[in-house]
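*Asks:* Pasting a structure below so you can have a look.
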């Protein structure tokens, strides 16, 4: 198997296959669940809005694919600084049955100089998740822009108890970049804690996936790159990867994240 095909296979196993569109329906989520059961194996997770968790759980059971985790989003997509609302949304997501919660860090507050609200929000949301539900914190690196702010948001999130740090919501012009990945992965290495990394949005094909995988392996070691500590957040990437593996036709133009 070529290096590109190996990267494609790996990226599928590390993928949070995502639909977070305003026009999502139960039918679209059922289709997403079916797509997550790929000819190359199951994706690590699906990522959907909270209200669709019950139908997704039912569908994954019917597909005999209960190993696929269900991730959802809270404080999404704007990263507001209202801790109470973020916590209530996170509790509701856990009550719905989420295995993982991707919460948006209050990045605009950080840009305005407030480091406290981000820490308190992440800490409270992790408490709402408990030990059994992973908390991934979306720092929105493409809006923070400044490497110092990307580093600071990563440090605050990890110090507050994040299980993962994630680049992006996929709802802003700039999503995952290798520059942001380098900073975020370096912070994880410095913190020396079992914290994962999730590039999301903008990873379009196996070659791009390979670059992110290579960056993670260089900074944290080849053995570190597993579904417990590395995920790709993507919607259009899957069809490109299956094409690379010669398991599907070429995608008809990238749609979405």
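Here the Cβ of each residue, glycine as well, is placed from N, Cα and C on the backbone.
For reference, Swiss-Prot lists these features for the protein:
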- 102: active site, proton donor/acceptor (ACT_SITE)
- 166: active site, schiff-base intermediate with acetaldehyde (ACT_SITE)
- 198: active site, proton donor/acceptor (ACT_SITE)
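Each of the listed features needs to be described in terms of its position in the shown structure.
*Replies:* Counted within 10 Å of its Cβ, the other Cβ atoms near residue 102 (active site, proton donor/acceptor) come to 29, all protein chains included.
Contacts of residue 166 (active site, schiff-base intermediate with acetaldehyde) defined by a Cβ separation under 8 A and a same-chain sequence distance of 6+ are given as 102, 136, 137, 138, 139, 197, 198, 199, 200, 231, 233, in order along the sequence. According to DSSP, residue 166 (active site, schiff-base intermediate with acetaldehyde) is assigned to a strand segment.
In the structure as shown, the Cβ atom of residue 198 (active site, proton donor/acceptor) sits within 10 Å of 27 other Cβ atoms. In the three-state DSSP classification, residue 198 (active site, proton donor/acceptor) falls within a strand.
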*Asks:* Helix, strand or coil for residue 102 (active site, proton donor/acceptor)? Use DSSP.
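*Replies:* Going by the DSSP assignment, residue 102 (active site, proton donor/acceptor) falls within a strand, counted as strand.
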